[in-house]
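Asker: Before anything else, here's the structure in question.
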Amino acid sequence: MDSRLHRLINLEVTPGKDVRKTAIIGTIGPKTNNVDTLVALRKAGLNIVRMNFSHGSYEYHQSVIDNARKSEQVYPGRPLAIALDTKGPEIRTGTNVDDVDYPIPPNHEMIFTTDDKYAKACDDKIMYVDYKNITKVIQPGKVIYVDDGVLSFEVLEVVDDKTLKVKSLNAGKISSHKGVNLPGTDVDLPALSEKDKEDLRFGVKNGVHMIFASFIRTAQDVLTIREVLGEEGKDIKVIVKIENQQGVNNFDEILEVAHGVMVARGDLGIEIPAPQVLAVQKKLIAKCNLAGKPVICATQMLESMTFNPRPTRAEVSDVGNAILDGADCVMLSGETAKGNYPINAVTTMAETAIIAERAIAYMPLYDDLRNCTPKPTSTTETVAASAVAAVQEQGAKLILVLSTSGNTARLVSKYRPQCPIVLVTRNPRTARFSHLFRGVFPFVYEKEPLDDWSEDTHARLRFGVDMAKEYGFVKNGDAVISIQGFKGGVGHSNTMRVSIVGGEKEDI
């Protein structure tokens, strides 16, 4: 019997030797941008390195890439993926006079302007905003948030095509270059700024594995990014960040053209009421799960660990519940970029993920996914779903996938097997981006192909079992489900086998 209630009643709460299936993404900043710390982060559980292009020079980001790759030479382990997070079409205030902070009392009336002459001359009477069309899209009565909602202003009057008269709704300080949010207002900013385009080209040149695309509002935004990446960057995965109401409204069309999704709850919690973020998170994750596309939950997950060695209980619950919702990956931002306890943060996230994964009722979840998936499915998906069912029926401890593109591993992951999924591929890029898929453990097979395709297949399967033994996934006597193609190339995975490790029936 495997119901959710039965699973929770019998939940093992003490630490064990479980295999963590949820990937961990860590933002690399000044505190962690060195080889020794990156090695320590990887040993603690880091799978994907994130570079935040809202900050830092190209020289700095190049050093992150170089150090990440050096860490793999020092500590080979599992392959490490590198993600480039774009700045995106943000709205920001200008520079304050003498770059000082100005106190703003409640009910304080002032001017917001798009006049460039105030771009470096802001104070508590007039504030520059770099979105030229703000006076065209906003109306009196609307609210403007500044500095992640620290300050709120009500629009009193659209004075002219460059000027808004506003009133503060709370007290606070206004600083230079702070973010501006317009909740409930459709903005018409371009999907990519010139800086974003240059950043993407930098990513292509340096062989990053995925783009975290900020403030995506429409499917066309994703297509625009793909155009900039071009032929040379065609294998880079585009993970869209949903962080405004437009992105939520257009989510279905966005999901169709994206490789994956990040639920970026920071700006989203400003754009829509915070209690609604809970529902949006669950809804978007469920849609990604059904589509078989990876989904990341991000922002303020272990925020207090930026300064404290231990998290709050609420933060641990947040991480765990994101995993129970169905997130493939969870992400750390300031905790690893500038925090005092980056290793602790990754360790805490890894330990929390293991406990949360124990609470999942795998067979009811599998049944939900099978029943809700439109039929007919592709041959590869049919085999992937059957392999997950076979795990339960055979008591198998591992699913072993041979894949060139990683698509088969993605589809196996969709159906959430209780056991690990070992992916064996000759393509290093496939191995690295496959960290995005829940439960997938990628390994690169570096030997040249044998002339005999059958012998080559056997060698790769044998390598996968050896890696699984080395990592403690299986031992002699365990059943293994393997998926492979009937011939070489991409898109031919249609064969499932059951083997016993070290037994008479083992033929791999």
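Keep in mind that glycine also has a Cβ here, set from the backbone N, Cα and C atoms.
Residues or ranges marked as substrate binding site in Swiss-Prot (evidence: similarity to another entry): Arg50, Gly266, Asp267, Thr299. Annotation comment: Swiss-Prot describes Asn52, Phe53, Ser54, His55, Arg92, Lys178 as ATP binding site. What Swiss-Prot records for Asn52, Ser54, Asp85, Thr86 is K(+) binding site, and it gives similarity to another entry as the kind of evidence. Per Swiss-Prot, the feature site 'Transition state stabilizer' maps to Lys241; the stated evidence is similarity to another entry. Taken from Swiss-Prot, the feature Mg(2+) binding site covers Glu243, Asp267.
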Asker: I want to verify one value. Collapsing DSSP to three states, which class is Gly266 (substrate binding site)?
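Answerer: Helix, per DSSP.
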Asker: Just checking the recorded positions Asp85, Arg92, Lys178, Lys241, Glu243: which sit within 10 A of Arg50 (substrate binding site), CA to CA?
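Answerer: Those close enough are Asp85.
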Asker: Do you know offhand how many angstrom separate Phe53 (ATP binding site) and Thr86 (K(+) binding site) by C-alpha?
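Answerer: Distance (Cα to Cα, whole Å): 5 Å.
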Asker: So around the K(+) site, Asn52, Ser54, Asp85, Thr86 aside, which residues have their CB within 8 A of the centroid of those CB atoms?
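Answerer: Apart from Asn52, Ser54, Asp85, Thr86, the close residues are Met51, Phe53, His55, Leu84, Lys87, Gly88, Phe212, Ser214.
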Asker: So which binding-site residues out of Ser54, His55, Lys178 end up within 10 angstroms of Lys241 (site 'Transition state stabilizer'), measuring C-alpha to C-alpha?
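Answerer: Passing the 10 Å Cα cut: none.
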Asker: Might you list, by sequence position, any residue in that chain lying six or more from Lys178 (ATP binding site) with a Cβ less than 8 Å away from its Cβ?
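Answerer: For Lys178 (ATP binding site), the qualifying residues are Arg92, Thr93, Val146, Asp147.
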Asker: Rounded to whole angstrom, what's the largest C-alpha distance between any two of Asn52, Phe53, Ser54, His55, Arg92, Lys178, listed as binding ATP?
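Answerer: Pairwise Cα check on Asn52, Phe53, Ser54, His55, Arg92, Lys178 gives a maximum of 17 Å.
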Asker: Want to know which binding-site residues, from Asp85, Glu243, Gly266, Asp267, Thr299, are within 10 Å of Asn52 (ATP binding site) at Cα; which are they?
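Answerer: If one measures from the Cα of Asn52 (ATP binding site), the binding-site residues that come within 10 Å are Asp85.
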Asker: Need the DSSP three-state call for Asn52 (ATP binding site) to compare against my parser.
Answerer: strand
Asker: Looking at the binding-site residues Glu243, Gly266, Asp267, Thr299, which ones sit with their CA no more than 10 Å from the CA of His55 (ATP binding site)?
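Answerer: None, since no candidate lies within 10 Å.
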Asker: Near Thr86 (K(+) binding site), which of the binding-site residues Ser54, Glu243, Gly266, Asp267, Thr299 can be found within 10 Å, Cα to Cα?
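Answerer: Within 10 Å Cα-Cα: Ser54.
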Asker: Of the binding-site residues Ser54, Asp85, Glu243, which one sits closest to Asp267 (substrate binding site) when you measure Cα to Cα?
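Answerer: Result for Asp267 (substrate binding site): the nearest of the binding-site residues is Glu243.
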Asker: Given the binding-site residues Ser54, Asp85, Gly266, which lie within 10 A of Glu243 (Mg(2+) binding site) by CA-CA distance?
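Answerer: Qualifying among Ser54, Asp85, Gly266: Gly266.
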Asker: Counting all other Cβ atoms within 10 Å across every protein chain shown, which of the binding-site residues Asn52, Thr86 scores highest?
Answerer: Thr86
